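Feature annotation from Swiss-Prot assigns signal peptide to 1-18; the stated evidence is sequence analysis. Per Swiss-Prot, topological domain 'Extracellular' is recorded for 19-300, 348-360, and the stated evidence type is a curator's inference. Annotation source Swiss-Prot lists N-linked glycosylation site at N33, N42, N52, N192, N231, N264, N271, N283, citing sequence analysis. Positions annotated as transmembrane segment by Swiss-Prot: 301-321, 328-347, 361-381, 506-526. The topological domain 'Cytoplasmic' annotation in Swiss-Prot covers 322-327, 382-505.
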Amino acid sequence: MDTLGIFVLISYLGLSSAAGVHLGDLQQNLAANGSVVVSPLNTTDAFSVSINLSQSTVNNCPSLKNAESMALMELLTRLTAPCRYDRMVPPVVHNKDGEEVPMDIYARFYIYVMKNLDSSDLQFTVQGLLQLRYLDPRLAFSSYLPNRRQPIMGESELKKMLWVPHIFLTNEQASTVLGTSAKDELTSIYPNGTVLTSTRLQATLYCWMNFQKFPFDEQKCKTTLESWMYNTTLVQLHWETDNPVSFDKQLQLTEYNLIGSLYNESIRVSNESYMSHGSLEGNYSIISFTVLLTREVGYYVIDYFLPSIMIVTISWVSFWLQADQTPARTTLGCTTLLSFITLSLSQENNLMKVSYVTMSEVWFLVCTIFIFGSLVEFAFVNTIWRRNNDLQLKKRTTKYIVKSTFVPHLKKHRRHGYRRTDSTMSTMSTTSMDKTCGPNNTVITIETPIIIGGSLSREDSAISLDEQDETSTSESSDSSKEKPAQTFATMTPKEVSLWIDRKMRFVFPLSFIVFNALFWTLVYCL
């Protein structure tokens, strides 16, 4: 009620009390000045006046007639007036039968940039445009502007006037809305009440990665959008049927190749035992898309695998060096081993520490075994090279050479029951003669050499005892029954060392080729 109406009311009340003017005339005159209700007055008794003061915006909403002559801002203000629109309440949608149904929200995601796919932090950064489309019948203006086909568009100011669904990224670590002078947000309202919101954002998302086939791994990084406040009884999320997830044609990654994407819709249950939405319980709608990535292996092949193959090959050069060249073969083996370990450590620093074995670690272990094996082979042939006794072989084959190499004459000496002891003899000069009558009564004289006090070596004493065993006739019956094995070939220790080196020149490369065949088959076929 305005000031003019109150003034007229007081004037008429004063006149009626003084001159007895009828109250009906007063009500007729006040009808055009506001919503004032005056109770009937009794001129003889004290009268009372009841005035109902209320705002015109509550009783009467702003009219939308002649909307064609209104400015867009005025039209939006009247459409979103509190008497018509409550931005705190989601729109109510009915089906064809008039039943209330959940509101469908359709999403589309356009990705401009993907970067910082960090294996150590298990995260990646994405810049994209997120669009949400839904129907709000309260904002339909086709009946007021039948000739308008274009949507009403605005930025963040328009968005603040509307109800907008709260959608969040469940695996985000940080996110922000992009923009320079203002946030890059665009809101469009179509004549039928369809609302389309577009937001350009940047988000750092968590991505669980599996490195079992590193560096030949394929990663699947997932992005999940979920309704925060409203469960499936009110809001349901869906992907657009046409290109729900798309990528910029100029999108390039430094370490990965983008091979495609998958998208999915699901439901998450929130209850007392799984409080994903705080104190809110119910089923919440989820939409997600997964980016399929394959790692670029060019860098690792050139900087790791080829150099490691060359280092392993260089370690085999020692097989062409003579077994007594200790400095050369030792230096070559140690240098190649240390070089390969240094090369591997520089690559492993790029990988997150995981509890399972990766393909790169398998490669590292096998290559280390090959390099270390060449060092062990040198130590073995060098030991054989320094032996003094020849090897007695039945046949000059690998079987008997290896057997004679690992099982020396010690076995034969133990079989005859002799112990290797150091014998010390004092200075003496004796000549012993064993006379044995031959078939023709011939006397055989055996002269024993004089041994001047000294210590016999283990090997010489064993040989001396062995020779006496073969010529003596007074041995026990058990030892006389055993006959020494017949030998058909003899090899010197140097010949054995050279023979082993020649064999290793083929065994090591062939074994490494077989390993490579198995390794690359597992990499690309499993």
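Cβ coordinates are placed from backbone N, Cα and C, and glycine is handled just like the others.
Where Swiss-Prot records a feature, it is marked here on the structure.
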residue : record                      : Cβ within 10 Å
N192    : N-linked glycosylation site : 13
N231    : N-linked glycosylation site : 20
N264    : N-linked glycosylation site : 12
N271    : N-linked glycosylation site : 12
N283    : N-linked glycosylation site : 15
Spatial neighbour of N192 (N-linked glycosylation site) that is closest, considering only the glycosylation sites N231, N271, N283 and their CA atoms: N231
Close glycosylation sites near N231 (N-linked glycosylation site), where close means Cα within 10 Å, chosen from N264, N271, N283: N283
Spatial separation of N283 (N-linked glycosylation site) from N264 (N-linked glycosylation site) - C-alpha basis, Å: 16
Positions whose Cβ lies under 8 angstroms from the topological domain 'Extracellular' (348-360), at least six residues beyond its ends: 119-120, 122, 209, 211-216, 300, 304, 519, 522-523
Whole-number mean of pLDDT values that fall within the topological domain 'Extracellular' (348-360): 84
DSSP helix/strand/coil residue counts for the topological domain 'Cytoplasmic' (322-327): 2 helix, 0 strand, 4 coil
Same-chain residues at least 6 beyond the ends of the topological domain 'Cytoplasmic' (322-327) whose Cβ lies under 8 Å from its Cβ atoms: 378, 381-382, 384-386, 494, 497-498, 501
Mapped DSSP class for N231 (N-linked glycosylation site), helix or strand or coil: coil
